[in-house]
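Below: the structure, in structure tokens.
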Amino acid sequence: MAFGKSLFHAIGRVSLVRQIAAGLALGIVIGSVSPQLGLAAGLFGSLFVGALKAVAPVLVFILVAATIAQHQKGNKAHIRPIIVLYLIGTFSAALTAVIAGMVFPTHIVLAGAGDVSAAPPSGIVEVLKSLLMNLVANPINAIANANYIGILAWALVLGAALRNHGSDVTRQVVADLAEAVSTVVKWIIRFAPLGIFGLVSSTIAETGFGALAGYAKLLAVLLGCMAFIALVVNPAIVWWKIRRNPYPLVFTCLRESGVYAFFTRSSAANIPVNMALAKKLGLHEDTYSISIPLGATVNMGGAAITITVLAMAAAYTQGIQVDFATALLLSLVATVSACGASGVAGGSLLLIPLACSLFGISNDVAMQVVAVGFIIGVIQDSAETALNSSTDVLFTAAADLGRQRNRAE
């Protein structure tokens, strides 16, 4: 018993990042050496992601409602500058992907469209309609289905009603509930090393690395664009806001948010992680409690890259030459589509046919491109989610720190 306690204390003294690194390394070894054991270990990953996904909608609803209910008149949440950064970042990602697609034209071997079961949206109007319908969804269904647009809308309405008509005791109860749910999130995050060990070992056991070799160039363009956004474009945007070296903040967000998101492959599951990081960075709670769940829905730079690169690859594969004007239009369509990706089953991949329609590519061919996306999804989706989710907290921090700098001046 004493040995067990001392072991837990020793593990507790090791930083969470190092524990995650150890879990990652062990997962790679187990998944490679013993696929059967790796698949069995996948249960830990499923439990970890399931717990995060389960608590995230409740956390967002209660935290946003509590924040609005306790919001004092005269205090501003300063959400608008963050939304502007989200849109700039997403459009920059789409434009970067267009340029990369023209500089490194990629031809792909089309996979069978039968591998894709879901139906893509018929047009941009359907994407926007889906977003608006999510806004007025039943609040219980919104929480149950992790519909964050609906959750945000109802939390804002309930919080405003409590602020104007609730008693001090009622508002305090909601605040205590928010604190309790935040504590539960901290407990879940402590199991991240075990969860990531399970996710990595099962992924490698299931797919290995051979399935990705045939699409190496396509993956290189996708990952290159995402790395360029994460390490060049985003830091430039952050510098514009805070006017000092952005890289310490950028690397903190990538390390403490991007790593989790890469392995969970879920922006929703990463919301509690981003909330905890925002609190650690000392950001304004009235701001990040709204901007981070909103970012998980509309800040989709990684999705814009995926849509653009695969649509251009489809065009080149069909022998279609892409002129700059069409490419620029593709950037705009990809930006709007990416912002609606969370409202579409299948996310960014099923918005590819919408982008392909700009080039007159048939739906049959477009769905084969989507099937290719699912083949490389083990890497593409992980990198996309890491970029999307880490950028949520990065831009929130940049806007908040920029506001503090302006106030100091």
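Positions of Cβ are set from backbone N, Cα and C atoms, glycine also.
Copied over from Swiss-Prot, here are the features:
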- 24-44: transmembrane segment (TRANSMEM)
- 48-68: transmembrane segment (TRANSMEM)
- 82-102: transmembrane segment (TRANSMEM)
- 142-162: transmembrane segment (TRANSMEM)
- 194-214: transmembrane segment (TRANSMEM)
- 218-238: transmembrane segment (TRANSMEM)
- 292-312: transmembrane segment (TRANSMEM)
- 319-339: transmembrane segment (TRANSMEM)
- 365-385: transmembrane segment (TRANSMEM)
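Three or more CB pairs closer than 8 A are found between the transmembrane segment (292-312) and the transmembrane segment (365-385), so contact between the two stretches is assigned (pairs 6 or more residues apart). Between the transmembrane segment (365-385) and the transmembrane segment (218-238), three or more CB pairs separated by 6 or more residues in sequence fall under 8 Å, so the two stretches touch.
Most Cβ pairs under 8 A with the transmembrane segment (82-102) among the ranges 24-44, 48-68, 218-238, 319-339 are made by 319-339.
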